[in-house]
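K.L.:
The Zn(2+) binding site annotation in Swiss-Prot covers Cys83, His86, Cys155.
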Amino acid sequence: MKRERLMSINKEKAEAAIYQFLEAIGENPNREGLLDTPKRVAKMYAEMFLGLGKDPKEEFTAVFKEHHEDVVIVKDISFYSVCEHHLVPFYGKAHIAYLPSDGRVTGLSKLARAVEVASKRPQLQERLTSQIADALVEALNPKGTLVMVEAEHMCMTMRGIKKPGSKTITTTARGLYKESRAERQEVISLMTKD
């Protein structure tokens, strides 16, 4: 799958744009250290944007009927994404909770795969959080879903306000976790517990 996406980008166009960008900032793209930079950067972006054109919901290929009606939480799913405003990375961890409906559960790795697909594109953290929750709701129709994403944004660290170490936390809730503050708080406390 990765190889397929890497080959689907317009490699020549991406390399030409990076070459022109180097010229625009006053660099010589033909000097020794930069000779292969357009090719390397185009390849890197192809990898970083592997999620483009994919639906995170499609990652939920394994759905099982189990006798489990209590909350399922997967914490600390590491991810890297790219801020669509500045095209610099933001990275962090996603925490996902869902309350199965009729015992419908998914393979735990499928949650991590959905995060991977949703994060591998120019993205906003708020949208990333919602896309993960929506994919889970569409795939499993759980009684409740809660997604929390914590991330450090290089656009706040490297430029502008320059506040390294600051984290942005976004949450989104669906179903029972949206309707019941007490249920939501209980799940958040489990997500944030070490």
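Each Cβ is built from the backbone N, Cα and C atoms, and glycine gets one as well.
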K.L.:
Can you tell me how many other Cβ atoms are located within 10 Å of the Cβ belonging to Cys83 (Zn(2+) binding site)?
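P.N.:
Excluding its own Cβ, the number within 10 Å is 18.
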K.L.:
Show which residues of the chain containing His86 (Zn(2+) binding site), separated from it by at least 6 in sequence, have their CB under 8 Å from its CB.
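P.N.:
Within the chain, His86 (Zn(2+) binding site) has Cβ neighbours under 8 Å at Met154, Cys155, Arg159.
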K.L.:
Suppose the Zn(2+) site is Cys83, His86, Cys155. Which further residues of the same chain have a Cβ inside 8 angstroms of that site's Cβ centroid?
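P.N.:
So the additional residues around the site are Val82, Glu84, His85, Leu87, Val88, Phe90, His153, Met154, Met156, Arg159.
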